[in-house]
Amino acid sequence: MERCSVMKAANGSQDGLDFNPMKDYMILSSQQKIAVAVLCTPLGLLSALENLAVLYLILSSRRLRRKPSYLFISSLAAADFLASVVFACNFVNFHVFQGVDSKPVFLLKIGSVTLTFTASVGSLLLTAIDRYLCLRYPPTYKALLTRGKALVTLGIMWVISALVSYLPLMGWTCCPSPCSELFPLIPNNYLLGWLLFITFLFSGIIYTYGHVLWKAHQHAASLAEHQDGQVPGMTRMRLDVRLAKTLGVVLAVLFICWFPALALMAYSLATPLSDQVKKVFAFCSLLCLVNSMVNPIIYALRSGEIRASAHRCLACCRKHLRGLGPEGKEDVPRSSVSETEADGRVTQWADS
């Protein structure tokens with residue numbers, strides 16, 4: 001409550017330029033500020049460029065942008081691109097340059113950061129569901145998940161993410177509620193609600209991928225028993241086993257990048273934090289940015305179709321530079337296990 005009384009006094013001005021309680025959260029030393037700037041700037045730039053490239057490769061291909069699987073990957077790339085730009089700029093401005101904003105502007109910024117990361121996790125969940133449906137119901141996959149259904153689902157996910165993220169901007173701030181130890185103006189009860197929501201999304205991802213991994217494990221056991229013979233669905237089993245390698249990487253990256261920050265958020269709800277713990281949280285937050293940088297490699301660049309689109313773009317650029325004009329015909333190999341073609345066959349993730 002002591003912090004609330006100070007914030008009320010600071011927020012008494014019309015323009016909010018004397019919002020001094022923000023200084024209580026700016027706890028990095030000069031060396032740590034340099035480290036944050038050195039880490040955050042190139043990570044944010046690289047992540048933004050990677051995700052922008054994925055968006056371009058998908059949206060520039062008429063074939064890819066019509067498939068639900070690649071719509072989900074596009075949503076993931078868009079969320080990670082926005083997260084890279086919004087988070088990196090605001091994080092550096094707050095912790096390095098100690099930029100002070102009015103209350104509405106600050107809540108808009110922190111809400112935008114929350115939205116981008118929430119939408120990123122939501123897109124991961126939709127991608128997980130898409131791949132589960134593709135492997136579980138290959139003959140009817142295209143009927144189960146049409147392009148229209150995918151767009152509606154994405155729209156609902158982004159709207160829910162926005163509503164959850166901008167609740168503080170709509171008035172759910174601390175005072176008289178206890179303020180968060182990690183985020184200015186954010187009440188502990190809102191932080192608890194967001195943690196429960198994000199935990200629900202992660203649980204869905206783990207549960208869905210767990211089913212796929214278990215199915216791949218069964219297929220691997222079946223393949224081991226019939227090394228010299230043939231069993232029905234042998235090719236399908238091999239694809240499932242290959243996919244399991246990718247999904248193992250997915251779950252490992254999610255855990256490594258998100259668990260430290262989420263654990264410290266949960267810990268902050270139970271006890272006051274020292275400045276040392278807050279500094280640790282600041283650096284753990286950068287792991288979420290690393291996740292946005294790694295997502296394009298895991299979900300997009302491992303797809304043979306997106307790599308083929310990249311090769312076409314490079315060839316097109318070379319022809320333009322030589323004055324030969326762009327390529328005319330689009331000829332894409334079927335190589336992604338994330339979608340099922342009209343004939344109902346499950347195709348392969350290249351190099352999985």
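Keep in mind that glycine also has a Cβ here, set from the backbone N, Cα and C atoms.
It should be emphasised that the depicted structure is a prediction, and the values quoted were computed from it without experimental measurement.
Taken from TrEMBL as is:
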type: DOMAIN; residues: 50-299; note: domain 'G-protein coupled receptors family 1 profile'
type: REGION; residues: 327-352; note: region 'Disordered'
type: TRANSMEM; residues: 34-58; note: transmembrane segment
type: TRANSMEM; residues: 70-94; note: transmembrane segment
type: TRANSMEM; residues: 106-129; note: transmembrane segment
type: TRANSMEM; residues: 150-170; note: transmembrane segment
type: TRANSMEM; residues: 190-209; note: transmembrane segment
type: TRANSMEM; residues: 246-268; note: transmembrane segment
type: TRANSMEM; residues: 280-301; note: transmembrane segment
Top stretch by Cβ pairs under 8 Å to the transmembrane segment (280-301) (candidates 34-58, 70-94, 106-129, 190-209) is 34-58
For the domain 'G-protein coupled receptors family 1 profile' (50-299), mean pLDDT (0 to 100): 85
Most Cβ pairs under 8 Å with the transmembrane segment (150-170), selected from 34-58, 190-209, 246-268: 190-209
